[in-house]
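Visitor: One structure is given below, represented as structure tokens, and several questions about it will come after.
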Amino acid sequence: MINSFSNPTDFANQVNNSSKWLAVLALASFVVAFFNNFLLSFVARKQAARIRLLYFKSILNQDLAWFDETPTGTLISSLSENIHKIQVGIGSKLGHFIQYMCTFTSGIIIGFVYNWKLTLVALATLPAIVLGIGIFGAIMMIFTKKESEAYAKASSVAGEVLSAIRTVVAFGNQNKEVNRYSSELEGARKVGVKKAMAVNGSLGMISFFIFSAIALMFWYGVKLMIDDSIAPGNILIVVFGVIMGSISMGAALPLVQNFMEAKQAAFVIYQVINRKPVINKTVGGLKPDTINGDIEFRNVSFKYPTRMDVEIMKDFNLKIESGSTVAFVGPSGSGKSTCVQLMQRFYDPLEGEIILDEDDLRHYDIPHLRSHIGVVGQEPVLFAGTISENIKMGKLDASQEEIESASRMAFAHEFILEQPNGYDTWLGEGGGGLSGGQKQRIAIARALIGNPKILLLDEATSALDNRSEKMVQKALDEACLGRTVLMVAHRLTTVRKADKIVVISSGKIVEQGNHDELIALEGVYFNMLHKVVSYVITI
């Protein structure tokens, strides 16, 4: 159009034609940009959801040894942050990168079509503009990350305070915590100031490079125009084509960092997804209709994967008859709870074998095996949900009658009915609103609802007060009838009724027998009980 200024008729025709083409181009640009961003974002969200589900399923399929070596915080962080990086890398950022590179390529091609000499001079300014925009992008990324980390520290303080709000209020430390939170916010503010200074300085540098490049191109373009090598309008076409291309290239460069982060995040995620657990519950195995509950530990030796220098069990041998109750006692770290964990196949022995009904435990189908084992731990783990939902975790297809029957066996039915909505009462995370004894009885009901043949009790009453302990112990006595029971006991008063008491020290059995036999022996168990009695008398 500029080349037609001297002829008004031609200029008007050029304006009309160019306006039509610009309108078509604007519409095409809108359609292409919309589908580019919409489709890529849609696909990225769908892929991220698929990867997140695969990742979570893979985590739940891993063996306990892997969890011992992998921090839980890392897994939770990967579940959100790493998958978000993948989504960004294959979604909006990829769309922007394609758009910027197309703009850069188009601008350079247009420049060469209209005047290759001016375009070559313009390309000489390209590195400076690209470098300036690249530095701007890098600075933005660095300071945004620092700012996020600073605010994360402040959020961590707030989370810590709110999670322990009763303690904070009890000691009157509200002002202290406000000051601590304020100091963390001050750190974030300082980072924000530095970010603003760096960003504005970078923008000034970019403006300097762009306008310097424009000045150089106009100077050389006018020189070519004087020599009749280029029309005035073509100068503007080349200048704006190359400048827009340079700006787009500069904007595209920082996006490479997003792609690298997405690649690294995908590597971390797929390491877990592709990992085959040593104890793989998907492999299959024996699925007997009934389990008698005869158990034998045969020459079992074991070390935890995170403590391979510490031998937990060494040549451990023990026979447990079906329907009997065996109590493990001994000092902390002697291997009592390890027996319970090995029985659930959380780990496999390094040497020896555990026999269940004449078959090695490793030959059983893991989900089938665990469906015949009920577990009650020291700290009852309840999830956010109704009481019924928590009990049904022991048998997902349980009927309401089965839920109530298990609750009666656990002496939990009456107090559950006293709750605002009975079995449909909503429990907060961790069973908020219930006492320790009530939570433990719900945990017992959950363990019993599947009618397991084997019951594992890992210090099930040690964290309770005397009144709650009596109620829970009554429920446990009822639950043990007709089942093979492995009991880890801290309080020796809870093991007197056991058919066999096994005293463990340093991973070896030092004594075994019933209560009367071990008292008559006047050995380790006798001394342990004597110390407890002496302590009570002293108090």
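Quick reminder: no glycine exception, Cβ is built from N, Cα and C everywhere.
Take a look at what TrEMBL says about it:
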{"type": "DOMAIN", "residues": "1-261", "note": "domain 'ABC transmembrane type-1'"}
{"type": "DOMAIN", "residues": "295-531", "note": "domain 'ABC transporter'"}
{"type": "TRANSMEM", "residues": "20-44", "note": "transmembrane segment"}
{"type": "TRANSMEM", "residues": "94-114", "note": "transmembrane segment"}
{"type": "TRANSMEM", "residues": "120-143", "note": "transmembrane segment"}
{"type": "TRANSMEM", "residues": "198-222", "note": "transmembrane segment"}
{"type": "TRANSMEM", "residues": "234-256", "note": "transmembrane segment"}
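Explain the structural surroundings of these features, please.
Guide: Within its own chain, the transmembrane segment (120-143) has Cβ neighbours under 8 Å at 108, 111, 191, 194-195, 198-199, 202-203, 205-206, 208-210, 212-213, 216-217, 220, 238-239, 242-243, 245-247, 249-251, 253-255, 257, counting only residues six or more beyond its boundaries.
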Visitor: Is it the case that the transmembrane segment (234-256) and the transmembrane segment (94-114) touch, counting contact as three or more CB pairs under 8 Å in which the residues of each pair are 6 or more positions apart?
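Guide: Per Cβ check, the transmembrane segment (234-256) touches the transmembrane segment (94-114).
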Visitor: Using a Cβ cut-off of under 8 Å, list the residues of the same chain at least 6 residues beyond the transmembrane segment (20-44) that approach it.
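Guide: Same-chain contacts beyond the ends: 87-88, 90-92, 94-95, 98-99.
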